[in-house]
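Visitor: Pasting a structure here, questions to come.
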Amino acid sequence: MKGRLFVVSGPSGSGKSTITKKVRDMLNIPLSISATSRKPRLGEVDGRDYYFLTKEEFEEKIKNNEFFEYALVHGNYYGTLEKVVEDSLNKGHNIILEIDVQGGIQAKKRKQDAVLIFCRTENEEVLEKRLRNRKTDSEEIIELRLKNAKKELSYEKEYDYVIVNKKLDDAIKQLIDIIKEESYEKA
Ligand code: 5GP
């Protein structure tokens, strides 16, 4: 059995988390939990949503080469632990990382057979509306995320597939089709 690494990236507000979560559930792909130095949002749980670390703890793990990839996103560290990726692949399981574009590029360098999938809205107006509707972030954070979105969008060409998330169900189906097509083990 051989698992494959899939990476889903895209600006925040593109719907990538919702799509990825749904697809993981539907295809029975275990959740891979990232580490971050950002503070938990209301309702987020350590070890379920993220491993919440202090900046110092995160930097210690960087120094010890514990990360498969990591990046500074919106002013905080986010990273995937090497162990999380290797454990899944060694068991022959597919793994989906929902990470930012800098992490996506690093993942491809580390594992050339990684499949990179970029998720976006049809245009920037829709993205802004989605970010504002979430109501989880302050105006300052929303502005920062919009600025970063423009930078993220310029990485689209580095990705193997692009999903334009107009209708959630269609986007979910597209991601499922890509994973089924690109998996080493056909279900
Ligand atoms: P949020 O703060 O909204 O949970 O996530 C912010 C951004 O960090 C998202 O674009 C998300 O994809 C990215 N992110 C989450 N986990 C990781 C990770 O492990 N590595 C990298 N490079 N980015 C991540």
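From the backbone N, Cα and C atoms, a Cβ is placed for every residue, glycine too.
Look at TrEMBL and you will find Gly10, Pro11, Ser12, Gly13, Ser14, Gly15, Lys16, Ser17 tagged as ATP binding site. According to TrEMBL, the domain 'Guanylate kinase-like' annotation covers 3-180.
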Visitor: On a simple 10 Å Cβ count over all chains shown, which one of the binding-site residues Gly10, Pro11, Gly13, Gly15 is most densely packed?
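Guide: Answer returned by the neighbour count: Gly10.
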Visitor: Go through the binding-site residues Gly10, Pro11, Ser12, Gly13, Gly15, Ser17 and pull out the ones with a Cβ less than 6 angstroms from some atom of ligand 1.
Guide: Ser12
Visitor: Indicate the candidate from Ser12, Ser14, Ser17 with the smallest number of other Cβ atoms within 10 Å of its Cβ, considering only these binding-site residues.
Guide: Ser17
Visitor: Lys16 (ATP binding site) has how many other Cβ neighbours within 10 Å of its own Cβ?
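Guide: I get 23 for this one.
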Visitor: Give the helix, strand or coil assignment DSSP yields for Ser17 (ATP binding site).
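Guide: Ser17 (ATP binding site) sits in a helix per DSSP.
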